[in-house]
Amino acid sequence: MNRVVVGLSGGVDSSVAAATLHHQGYEVVGLTLWLMKGKGQCCSEGMVDAAMVCEQLGIPHHIVDSRDVFQANIIDYLVSGYEGGITPLPCSQCNRTVKFSPMLKYAREQLDCDRIATGHYARIRYNETSQRYQLLRAVDRNKDQSYFLYDLTQDLLAASVFPLGHQTKEETRRIAAQLGLKTAQKPDSQDLCLIEAHGSMRAFLDKYINQKEGEIVDLDGKVLGKHSGIHHYTIGQRKGLGIAAAEPLYVVKLDPVMNRVVVGNRDRAGRSECVVGRMNWVSIPEPTTPIRTEVQVRYRSSPVPVNVIPLEESRVKLAFDEPQFGITPGQAAVFYDRDVLLGGGIIIHNS
Ligand SMILES: Nc1ncnc2c1ncn2[C@@H]1O[C@H](COP(=O)(O)OP(=O)(O)OP(=O)(O)O)[C@@H](O)[C@H]1O
């Protein structure tokens, strides 16, 4: 049986992923997870657009109400993280716990199917020698989304297909136009779905977190100004502090207990080490001795060389060659050997 369940957000990428597999002869079933109330991708508009594409392709369309799963795994996770002074990354968590795992479960249990596909830009290959499914960057480096997929398990990778990983976004748009897909002209999503749905991260957080004003202090505890709630700030942030100072100041710590934002000059904002937890090794088995590789600490940051020292309990220590800025607890540190994503985890300490 060559049935495949394609996750449809109502955007152009997943529409083309579904159309491509359909034209390759797969029996495609469209599946949209209803994640949030409101308008936009993943919400009512997304469901309608996904349904229109399925109608066009002549394939079935299923909608699964996943609002509770999204609330528990993403909204509650973000709110408790920001309240605790970290800056959580929702997308990798969403991919594993809200999208891929539930989609595969639904495919297996409801549709007797063992294969799922999405419109992500990334590649998967099976390595015979290590007997592992490896995750690779997309051919289109500018669209590469492998960073957000570092937390997928071997079981999920074995079942997943990324039909767009070998093509550029321009090619995807061209295919959508050639096929006359209803979603061909839809603009790319510019930001996190939550931000698109709420206007800004601040607006989203203010809906769930009570604003609690407090002090902005320097590393000696001297009060420099007032903040509007620690959840409005991120480690490494320089702009929007509202403090007049002789030299640029950066957020170096968020202290939820004292309800304080701590700032320091550029020298104090750099980190030469950090600890990463909840490691998921993807393309290689968990190392038992230090390895030298490259790490990306933000989606859009450049990879930098690093020594990775294994610790107990799925944690590693990173030792950078040069101090790094914007090492932010809650964000993902993802390791790469050129195009191969080795693994990744969540930054838990930045000093
Ligand atoms: N609500 C959803 N239900 C099912 N699958 C989804 C949903 N949202 C996203 N996906 C899948 O995850 C992929 C990546 O989602 P992302 O939110 O990053 O959108 P994108 O890169 O803008 O893609 P698209 O153009 O398809 O929206 C999508 O291409 C789709 O296959």
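Counting begins at 1 with the first residue displayed.
Heads up, the Cβ atoms here are built off N, Cα and C, so glycines get one too.
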Per TrEMBL, what member of Gly81, Gly84, Gly85, Gly119 joins Gly7, Leu8, Ser9, Gly10, Gly11, Val12, Asp13, Ser14, Leu33 in binding ATP at one site? Gly119
Looking only at the domain 'tRNA-specific 2-thiouridylase MnmA-like central' (203-264), how are its residues distributed among DSSP helix, strand and coil? 9 helix, 21 strand, 32 coil
Let me know how many other Cβ atoms fall within 10 Å of the Cβ of Ser9 (ATP binding site). 25
Roughly how wide, in whole Å, is the group Gly7, Leu8, Ser9, Gly10, Gly11, Val12, Asp13, Ser14, Leu33, Gly119 that binds ATP, by largest Cα to Cα distance? 16
At the Cα level, what's the spacing in Å between Gly7 (ATP binding site) and Cys94 (active site, nucleophile), rounded? 13
In all the protein chains shown, the tally of other Cβ atoms within 10 Å of the Cβ of Cys193 (active site, cysteine persulfide intermediate) is 21
